[in-house]
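Engineer: Quick one: structure below, then a few questions.
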Amino acid sequence: MDGYNTSENSSCDPILAHHLTSIYFIVLIGGLVGLISILFLLVKMNSRSVTTMAVINLVVVHGVFLLTVPFRLAYLIKGTWTFGLPFCKFVSAMLHIHMYLTFLFYVVILVIRYLIFFKRRDKVEFYRKLHAVAASSAMWLLVIVIVVPLVVSQYGNSEEYNEQQCFRFHKELGHDSVRVINYMIVIVVIAVALILLGFQVFITLSMVRKFRHSLLSHQEFWAQLKNLFFIGIIIICFLPYQFFRIYYLYVVAHSKSCKNKVAFYNEILLSTTAISCCDLLLFVFGGSHWVKQKIVDMWNCLLCH
């Protein structure tokens, strides 16, 4: 992928294929199961809820991205890209678009839940279902009008690339303007993630102090527990890549040779961001009665000791 060196020496390639193939198979299977599972749950959810709209948009983002995963797997298995360079750019860009749109919807969901907690409200929702549809449509129109043309016109267009070798656009990072934009994105994502984590720690500790031993009997706690799923995915899937991205940008800017280990770690961490596709499966699984009962049993067991 995106971190491959474009020189004739392909020594960066073999060490990546096996690891990435396994990861993307997990992403494809887990993502599809999660999409199917959440569809049954969405039928019962309030269609005017802001959180529900964010979840529906997550379904769309994951669904579009999962359509590109089989092409990545085909390239990893065959070792040759046969779908044309323009489509390669689209598939490559979709991994990044998916990551940042998913992060955006996580932020929306968490901010709404935090507002509910601090303002002591039962829910935050649109006045009409039409308003919810209009808000989502406006967001997607913005993505289609701004993001897609930007990707088509700028992504991977500054250098020459081999049409049979895909996801090797790291030379674009040699341009100062591209690196500056990347640094800015990294800083914003890390800062927002840490702020959300701080709020979640504060809320969780407040609830523990308030309810103590009766913590698990309050619905408010279970609502906040779902927040931990999203926070956990941000910490596990997104932040490692963002932190390593800072070092990777520096290496690409100051080195002309292939850095095996740097390219390897960048690709592995980038591919782990796609594991966020399994979030819907965790969301459904975490809301099941069986899981709640197991958590209650474990909590009671800890109190006994």
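Cβ atoms are placed via backbone N, Cα and C, with glycine included.
Straight from Swiss-Prot, here's the annotation block:
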CARBOHYD  ASN5  N-linked glycosylation site
CARBOHYD  ASN9  N-linked glycosylation site
TOPO_DOM  1-22  topological domain 'Extracellular'
TOPO_DOM  44-50  topological domain 'Cytoplasmic'
TOPO_DOM  72-91  topological domain 'Extracellular'
TOPO_DOM  113-131  topological domain 'Cytoplasmic'
TOPO_DOM  153-184  topological domain 'Extracellular'
TOPO_DOM  206-227  topological domain 'Cytoplasmic'
TOPO_DOM  249-267  topological domain 'Extracellular'
TOPO_DOM  289-305  topological domain 'Cytoplasmic'
TRANSMEM  23-43  transmembrane segment
TRANSMEM  51-71  transmembrane segment
TRANSMEM  92-112  transmembrane segment
TRANSMEM  132-152  transmembrane segment
TRANSMEM  185-205  transmembrane segment
TRANSMEM  228-248  transmembrane segment
TRANSMEM  268-288  transmembrane segment
Engineer: If we skip the immediate neighbours and take only residues 6+ beyond the ends of the transmembrane segment (51-71), which ones have a Cβ under 8 Å from one of its Cβ atoms?
Structural biologist: 24, 27-28, 31-32, 34-35, 38-39, 42, 45, 83, 87, 90-91, 94-95, 97-98, 101-102, 105, 108-109, 112-113, 123-124, 126, 132, 135-136, 139-140, 274, 277, 279-280, 283
Engineer: Are there residues at least 6 beyond the ends of the transmembrane segment (92-112) whose Cβ is under 8 Å from a Cβ of it, and what are they?
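Structural biologist: 1-2, 50-51, 54-55, 57-58, 61-62, 64-65, 68, 124, 143, 147, 151, 155-156, 166-167, 169, 185, 189, 192-193, 196, 199-200, 227, 230-231, 233-234, 238, 241, 270-271, 273-274, 276-277, 279.
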Engineer: Please list the DSSP helix, strand and coil residue counts for the topological domain 'Extracellular' (72-91).
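Structural biologist: So the topological domain 'Extracellular' (72-91) is made up of 14 helix, 0 strand, 6 coil.
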Engineer: Does the transmembrane segment (268-288) come close to the transmembrane segment (23-43), meaning at least 3 CB pairs under 8 Å for residues 6 or more apart?
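Structural biologist: When sequence-distant Cβ pairs are counted, the transmembrane segment (268-288) touches the transmembrane segment (23-43), since at least 3 lie under 8 Å.
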Engineer: By a Cβ-Cβ criterion of under 8 Å, what residues six or more beyond either terminus of the transmembrane segment (228-248) are in contact with it?
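Structural biologist: The answer is 3, 99, 103, 106, 109-110, 182-183, 186, 189-190, 193, 196-197, 200, 204, 262, 265-266, 269-270, 272-273, 275-276, 279, 282-283, 286.
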Engineer: Quick one: average pLDDT across the topological domain 'Cytoplasmic' (44-50), no decimals.
Structural biologist: 68
